[in-house]
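Notes for the one structure printed next.
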């Protein structure tokens, strides 16, 4: 009699509970998108498709130009080629899905697809933040310590720095993604954006996410703010040191620094705005996200080519070589 009372629940009961739990789990999410108006969605498709194609073409052209021209085989352009590669990957994480959804009645994404989108988005975003910081250090050495530049920024050092920044981006992305997927999702499915990102997704969890939100702010927000401060201080030191330079060298250095500062402001401005506050939806979130995912990767090659005399010379040389080859 006592043995019967102490016997655990039958296996069938536990199995039934597991089946019931699995049936309540969310298997896909619905992306709210930028607009629910079919006409507006077609207009947005016609706007963002050329922008995406120009992003791919511009960044690929930068990569080809740097590889083709031996005079650009320096640390600065090595990092710039990495920036173009990351921008191609960054835009390709979200924009193709956005374009497909503009022409789709149901804007759904599987749970696995949502997780993959969050992982690669944060991988490329964090890696680019670290890369912009490394590029600032590279400019500091080139301008403030020109005689030791090639020794300090040797090929081995450049490769090591690249490996470290990619490793840092991977660790950061794994940490955020693992925290997000461990949360239970059993109710709402609408992600209030056109792609899956950690802040809007964790709002759908069937549990209190306060601790996760604090970790996001202390992780992504802190990285963005600290890197931004380091970058501003670095360029402040560089600009101060330029006061004693000749006018020609000063103009070239100022042009390079201005290009870097423009990219940094555009890129890190989004990260600070989104990840340095609690997960509350604002009307400006989607506008900032569009600029971050679809516009900034297009502006980078434009900024670096139009404000860089060496890149313009190399581009003219590359185009001239093609014309000669055709003749």
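A Cβ is built for glycine as well, from the same backbone N, Cα and C atoms used for every other residue.
Taken from TrEMBL, the feature transmembrane segment covers 43-64, 76-95, 115-137, 157-175, 222-242, 254-275, 287-306. Residues or ranges marked as domain 'G-protein coupled receptors family 1 profile' in TrEMBL: 58-304.
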Determine the mean pLDDT over the domain 'G-protein coupled receptors family 1 profile' (58-304), rounding to the nearest whole number.
84
Does the chain bring the transmembrane segment (287-306) near the transmembrane segment (43-64), so that three or more CB pairs sit under 8 Å (pairs 6 or more apart in sequence)?
yes
Which residues of the chain, 6 or more past the ends of the transmembrane segment (254-275), have a CB below 8 A from one of its CBs?
76, 83, 125, 128-129, 132, 135-136, 139, 197, 199, 216-217, 220-221, 223-225, 227-228, 231, 235, 238-239, 242, 284-285, 288-289, 291-292, 296, 299-300, 303-304, 307-309
